[in-house]
Structure formats: C-alpha cells, structure tokens
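A.B. asks: First the structure, which I've put down as structure tokens, then a few questions once you've had a look.
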Amino acid sequence: MSKFVFVTGGVVSSIGKGIVAASLGRLLKSRDYSVSILKLDPYINVDPGTMSPFQHGEVFVTDDGAETDLDLGHYERFTDTELSRLNSVTTGSIYQAVLNKERRGAYMGGTVQVIPHVTNEIKERILRVAKDTNPDIVITEIGGTVGDIESLPFLEAIRQFRKDVGRNNVVYMHVTLIPWIPAAKEMKTKPTQHSVKELRSIGIQPDVLVCRCHLPLQPGLKEKLSAFCDVPVESVITAQDASSIYEVPLNLEKEGLAQQTLELLNLGPRYPHLEEWENLIRQMQSPGQKLEIAIVGKYVQLGDAYLSVVEALKHAAIALNSEIELRWVSAEDVDNDSAEAHLSGVDGIVVPGGFGIRGVDGKIKAIEYARVNNIPFLGLCLGMQCSIIEWGRNVARLERANSSEFEEDTPNPVINLLPEQADVVDLGGTMRLGLYPCRLNPDSLAFSLYGQEVIYERHRHRYEFNNAYRSLFFETGYLVSGTSPDGRLVEIIELPKHPFFIATQFHPEFRSRPNKAHPLFSGFMKAALKGREEKFSLSSQHSAVS
C-alpha cells in the first residue's frame with residue numbers, strides 16, 4: 001500500500017511548495033523509493049489550458065495530453081518521471097465530475113454537498129494516482145495558502161484522509177515563511193504560528209514544518225517553533241533561499257527532510273544516491289563561458305510563461321559547462337528599425353510558442369534577423385510557424401504569406417488549420433495534445449542530434465505547415481527534417497546552410513531534464529558556444545593586427 005505526504009503552504013503564496021514537493025520526490029527516489037506527485041489546484045477552471053499566461057504562467061503538457069500547472073514540470077524534471085492527467089486536479093474538474101455523477105443519478109436522489117460528495121471525489125483522485133502506478137509514496141501539493149476559502153474542500157479532504165488510510169500512512173508537511181525584519185535585525189516566527197493555528201482550526205496538525213527563510217534558522221528559533229507549533233524540533237526544517245532551485249534538494253537533505261519523512265511513515269532508512277545531483281550542482285557553480293540568449297515572445301514580462309524553455313536552456317548550458325544570460329525581448333517591440341538594437345550581440349535566439357496575432361510580426365522580424373545574420377535559432381510551436389511565414393515572404397516571395405489563424409483570406413496560407421480541428425467549437429482540451437511519434441530525415445541535423453530515426457515529443461497546437469507549399473520550400477532551400485510517421489504533418493524544419501536553424505511544431509522543452517539535456521537544446525547551445533568562440537577568435541586576430 002502507498003504512503004501519502006500532503007504539502008500545504010502558509011503565510012504567503014508562491015512560497016515554493018512545488019519545489020519542496022519536487023525536492024522531496026528527488027530525495028526519496030534517490031533512496032530507491034518509487035514516487036508520484038500530484039497537484040490539487042483550488043481554481044474553478046477545469047484546467048489551465050485556456051488561462052492567460054500572465055495569470056497562470058506556462059501550461060505544462062503531459063505525455064497523455066493533459067494541460068496542467070507548471071509545477072508538474074518541476075515534478076517531472078526533479079524526479080525524472082513522466083506524469084499524467086491523473087497528477088493534476090482542479091476544483092473545476094472536481095465539481096465537473098460531481099455534477100456529471102449527479103446528472104447520471106449516481107447519488108440516488110440525495111442532496112449533493114461539499115461533504116461528503118466533493119471531499120470524496122478529491123480523495124478518490126488521490127487514491128487513483130496510488131492505484132495507477134502503485135508508488136511507494138504519493139506526494140500531494142495543495143495549491144493556494146492556508147486560510148484561503150478556495151482551498152477548504154481540499155484541506156477537509158486531506159484531514160479525512162489520515163483517518164481513512166491510517167495515521168502511520170500520512171504525513172502533513174507545512175511550508176511556511178520566516179520573514180527577516182531589517183529594522184529589528186531578526187527573523188519573526190509569529191506569521192508561522194498563526195498559519196499553523198489556522199491549519200489546526202481545520203483539524204490538521206502538521207508533522208513537519210519547512211521554513212522558507214533568507215538566513216539559516218538558528219537552534220533557538222527552531223526550538224521556539226517546535227514549542228509553539230507542537231512539532232518535534234528535528235522536524236523543523238530550514239529551507240534557505242538558494243541561488244538555483246536545483247540546489248534545494250541537497251539543502252533539504254542536509255536538514256534531514258527525507259529522513260524525518262520516512263521515520264514518520266514507518267519506512268526504513270536507505271542510503272541516498274545523490275552523486276549525480278551533486279555533480280550537477282558542481283558544474284552549475286563553476287561554469288566556463290557565459291552565453292547570452294534572446295527569448296523573443298509575447299509574454300516576456302512574466303518569465304514563468306516560458307518556464308520550461310528557460311529550464312531546458314539551463315540544462316543544456318550545464319551540460320556544456322556554461323551559463324546563460326537571458327535577454328527578454330517583447331515581440332511587439334521588434335520591427336525593421338529596432339531589430340538590431342534588440343538583438344545585436346546575442347549568441348542565440350529562441351522564439352517560443354504562443355497564440356494570437358499580437359507580436360507575430362515582431363517574431364517574424366526576429367527570425368529574419370537570426371537567419372540573415374547566421375545567429376543560431378530555435379523555434380518552438382508558433383516559433384516554427386513564424387519561421388515558415390518569414391521564409392515564405394522573404395525567400396519564396398509568396399505574396400502576403402501568412403497563417404490562416406492570423407489572416408483568413410490570405411492568398412498564401414503557408415500555415416493552415418489541421419483538418420480535424422475544422423469543426424471544433426470548445427477551446428479547452430481540444431488541440432492536438434500530448435505525445436506523438438515523429439520520423440526524422442536521416443540526412444538532417446535533427447537526426448544527427450537525436451541519433452535515432454523515430455522520436456516522441458509533446459504537442460499543443462491547432463495549426464500546421466500547409467503541404468501545398470512543401471515542394472516550393474524545398475526548392476528554395478528549406479529542409480523538412482521531421483514528419484509524422486505517415487509523412488502528412490511537418491514536425492521539424494531546418495536550414496542546412498545555416499550554423500543552426502531548427503524549428504519544431506512540438507514542445508521539446510517539456511522533456512528536458514537537469515541531468516539529461518534535450519538534444520535540440522544541446523545542439524542549439526553548442527552552436528551558440530561555437531559562434532561566440534569564433535567571434536572571440538576573430539576579435540583577437542583583429543586586435544593582434546592593429
């Protein structure tokens with residue numbers, strides 16, 4: 001039978017519950033315990049698929065096509081496992097399921113209430129994860145902050161859960177903030193005391209306190225928290241601010257988080273095999289070259305909108321013993337006159353995914369700048385579509401080449417709606433979503449990077465390259481380097497005569513890992529590093545001559 005850890009958060013939002021859950025998953029997995037992590041989100045949307053990135057950050061897509069919270073990306077990257085739609089639960093999906101059951105008569109005419117019907121549905125979703133993969137430990141993060149009205153049904157459900165499955169099979173872990181007050185020159189525990197008091201009023205006594213803080217918790221403060229919150233002092237864990245999220249697992253290991261969790265669950269201690277993770281951190285902390293990469297997007301004011309892209313770039317940089325400096329460029333600011341000012345001097349340009357016409361012209365201009373100036377370029381999803389539009393307009397000389405998404409009556413719709421999307425009315429969960437196979441051209445750069453003929457990548461789109469233009473694009477120098485196995489859908493394009501110009505219809509960033517950088521991001525960063533070294537060499541030669 002699986003054991004269960006519930007991670008709640010107090011005092012403020014965005015405190016790092018997801019990173020704590022992911023880090024605990026890493027530490028337990030390093031001890032050869034199997035782990036699955038799920039997120040309970042208190043918003044009433046069925047999923048985040050139709051939410052603005054400014055509201056929610058990126059939408060993370062799983063192998064089975066679920067549109068989920070970005071925390072699932074952290075879970076997958078830290079534990080190196082593939083999750084599914086079972087690992088993402090929202091209030092909206094719970095109420096939808098309950099109401100569907102009511103319409104079918106499943107409640108036998110009874111009055112449908114939050115307790116027991118909604119709470120039972122929540123508990124069933126948690127148990128479903130345990131039944132699906134039978135992990136040793138299921139870690140559940142409850143979104144929001146203790147005290148929020150939206151989270152109450154989830155908190156009530158996990159309160160009941162310990163009674164249902166047994167006291168020794170459940171751990172309640174509360175992540176809280178210990179603020180540093182500069183004027184007083186001390187850290188304050190009162191917000192945490194009140195947060196725990198709020199949690200107790202719901203009927204949950206935390207077993208472990210994970211204290212987010214700017215400075216290490218001194219023994220006296222740990223003892224104070226232990227006394228006022230009724231938590232053993234060894235279960236008061238310091239989660240000090242770190243320069244990288246990938247340092248957090250090792251920091252929490254030093255604090256004994258995994259050991260305390262296993263003791264509370266009556267599971268035996270095991271030696272943690274963290275050598276690979278320790279090597280990763282050593283590489284991060286002693287980088288060589290610094291590479292400047294421009295991300296040209298629509299939502300650059302909120303970095304979380306492109307979180308997996310940023311992490312995939314970091315993974316590739318770590319593997320190359322380098323570090324990256326990001327130049328965030330709003331696509332709306334890029335035009336013929338400003339492209340040079342925004343993009344000059346960068347070592348590589350990434351145009352990530354997105355939806356809608358706003359900023360598209362700027363993305364197209366940035367792609368032209370990368371192509372003409374031989375700057376390594378990686379386009380993702382809409383980034384591929386924009387690169388096709390750019391080539392159609394500027395090289396193939398197609399009048400008003402465009403996507404039918406942006407211009408319905410364009411005479412040259414080089415990007416068109418997928419046929420199966422023609423009759424789709426609802427927006428949520430109706431795109432081409434999830435893991436699909438892609439067959440690579442053996443004579444392509446993509447093939448040399450992946451090292452295999454058939455690959456699998458995650459998708460999230462409605463539009464594709466219009467095959468009516470495939471021959472023309474090939475004749476003018478474009479290479480289709482990856483397609484669906486039947487050859488119908490173009491999945492990867494590249495420019496053979498460019499230092500590195502690859503664009504994909506899929507989202508490779510979702511399958512990158514800290515210890516296994518994605519091949520396309522690795523290839524892109526290698527090209528960026530090579531370009532920088534060549535520029536440095538050329539600059540040195542000029543200096544020597546002068």
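Using the three backbone atoms N, Cα and C, a Cβ is placed for every residue, glycine included.
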A.B. asks: From Glu340, Glu368, Glu405, grab the residue that Swiss-Prot records in the same L-glutamine site as Gly354, Leu382, Gly383, Met384, Gln385, Arg462.
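C.D. replies: Checking Glu340, Glu368, Glu405 against Swiss-Prot: the L-glutamine site match is Glu405.
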A.B. asks: Among Asp64, Asp69, Asp71, which residue does Swiss-Prot name as a further ATP binder in the site formed by Ser14, Ile15, Gly16, Lys17, Gly18, Ile19?
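C.D. replies: The record-listed residue among the candidates is Asp71.
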A.B. asks: May I ask which residues of the same chain, at least 6 positions away in sequence, place their Cβ under 8 angstroms from the Cβ of Glu141 (Mg(2+) binding site)?
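C.D. replies: When sequence neighbours closer than 6 are ignored, Glu141 (Mg(2+) binding site) has Val7, Lys17, Gly18, Ala21, Ile37, Leu38, Lys39, Leu40, Asp71 within Cβ distance under 8 Å.
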A.B. asks: Please tell me which one of the recorded positions listed here (Gly16, Ile19, Cys381, Gly383, Glu509) sits closest to Thr189 (UTP binding site), measuring Cα to Cα?
C.D. replies: Gly16
A.B. asks: C-alpha of Gln385 (L-glutamine binding site) to C-alpha of His507 (active site): distance in Å?
C.D. replies: 13
A.B. asks: Calculate the distance in Å between the alpha carbons (Cα) of Ser13 (UTP binding site) and Leu382 (L-glutamine binding site), and round it to a whole number.
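C.D. replies: Given the Cα positions, Ser13 (UTP binding site) is 32 Å from Leu382 (L-glutamine binding site).
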A.B. asks: Using the alpha carbons only, what distance in Å do you get between Lys188 (UTP binding site) and Ile149 (CTP binding site) once rounded?
C.D. replies: 26
A.B. asks: I'm trying to understand the geometry here, so how far is the Cα atom of Glu405 (L-glutamine binding site) from the Cα atom of Gln193 (UTP binding site), in Å to the nearest whole number?
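C.D. replies: Gln193 (UTP binding site) has its Cα 53 Å from the Cα of Glu405 (L-glutamine binding site).
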A.B. asks: So of Gly16, Gly18, Pro191, Gly354, Gly383, which of the binding-site residues has the fewest other Cβ atoms within 10 Å around its own Cβ?
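C.D. replies: Each of the binding-site residues Gly16, Gly18, Pro191, Gly354, Gly383 was scored by Cβ atoms within 10 Å; lowest is Pro191.
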